[in-house]
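Per TrEMBL, the features are as follows:
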{"type": "TRANSMEM", "residues": "12-37", "note": "transmembrane segment"}
{"type": "DOMAIN", "residues": "68-285", "note": "domain 'ABC transmembrane type-1'"}
{"type": "TRANSMEM", "residues": "74-93", "note": "transmembrane segment"}
{"type": "TRANSMEM", "residues": "105-128", "note": "transmembrane segment"}
{"type": "TRANSMEM", "residues": "155-178", "note": "transmembrane segment"}
{"type": "TRANSMEM", "residues": "209-230", "note": "transmembrane segment"}
{"type": "TRANSMEM", "residues": "269-289", "note": "transmembrane segment"}
Amino acid sequence: MRIKSSAWIKLAPFLFICPFFVHFAVFQLYPIVYGFWLSLYRGIGKLTFAGLKNYSLVIQDDVFWKSMWNGLKATGGSVFIILPIALGVALLINQPFIEKKKGWFATFFFTPNITSAVAVAIIFGLIFNRSFGILNQIIGLLGIDPIAWLENPKWTIPALILLLTWRYLGINILYFLAGLQNIPQELSEAARIDGANPLQRLWYVTLPLLRPIMTFIVFQAIIGSFTMFAEPFVLAGPGQSGPEQSLLFPTMYLYQQAFRLQNFGYSSALGYVFTLILLFVGMIQIRLFQEKK
């Protein structure tokens, strides 16, 4: 009995973690390996070995780079708007006179982030409607002609950025608020005693200590914008890419190649090239952050 009990004690930890490894192997490792294998083949039904031909075609694919450019514009626009507004609101909420209302503000700002992306896109599609959208009605009161938000390629990305701002501003306010609450008050107080005014304390004390939060927010924005699917898919309409492909994003293009055109090998190569680009961008960002630190 002691021998069996001792063997069971040694074996039990491995049995307990087996479900995790089985799940990882079946639902994560296998798709990764199979996807890479599939990226080396072309055709439907009977596959033909193509080597790295699919990867070469991805590099030469203007539509793919168009989708990457759309992702870059969405990232830059959303970060440019969200970052300063989120920081400003977080600084305001962090003031002592709002101490008792922080929980209410946290709930209020977090709500858009947990709302269904499809529902948000449908509602904003109605808001951006050229004929009866409330946004055009508001700007019409200012004497401005109606804007074709979703029909004019010049306005599709700005419209999408407005949607992203509404959806993700709140969660980024909470990120900054958490960072502000972790800054020791002694540092700001010491700077104040040394004669630093509020703007100097913000620039030389608060912002440097918030740099990890900013790095995280920017990286999240990059990943989120480039992997975005539901919002542009709904705004553009099923199977569409927007005027002049202005609402085409990498994940949408991958979806079109795989499930509309059935180019599974090419779509797998798209996925791997896309992933490598994001990894490269992430490594550069982390490297820059470490150098500044």
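Note that Cβ sites are derived from N, Cα and C of the backbone, with glycine treated the same way.
No curator has checked TrEMBL annotations; they are predicted automatically.
Between the transmembrane segment (155-178) and the transmembrane segment (12-37) there are fewer than 3 Cβ pairs closer than 8 Å, counting only residues 6 or more apart in sequence, so the two stretches are not in contact.
Within the chain carrying the transmembrane segment (12-37), a Cβ under 8 angstroms from the stretch's Cβ atoms is held by residues 268, 271-272, all 6 or more beyond its ends. Packing against the transmembrane segment (269-289) from elsewhere in the chain are residues 35-36, 39, 54-55, 57-59, 64, 68, 211-212, 215, 218-219, 222-223, 226, 250, 253-254, 257: each is 6 or more residues past its ends and has a CB under 8 Å from a CB in it. Through the fold, the transmembrane segment (74-93) approaches residues 101-102, 105, 109, 157-158, 160-161, 164-165, 168-169, 172-177, 179-180, 202, 206, 210, 214, 217-218, 221-222, 225-226, 228, 249 of its own chain, all at least 6 residues removed from its boundaries and within a Cβ separation under 8 Å. Within the chain carrying the transmembrane segment (209-230), a Cβ under 8 angstroms from the stretch's Cβ atoms is held by residues 68, 71-72, 74-75, 78-79, 82-83, 86-87, 117-118, 121, 164, 168, 172, 175-176, 178-180, 183, 187, 249-252, 255, 274, 278, 281-282, 285-286, 289, 292-293, all 6 or more beyond its ends.
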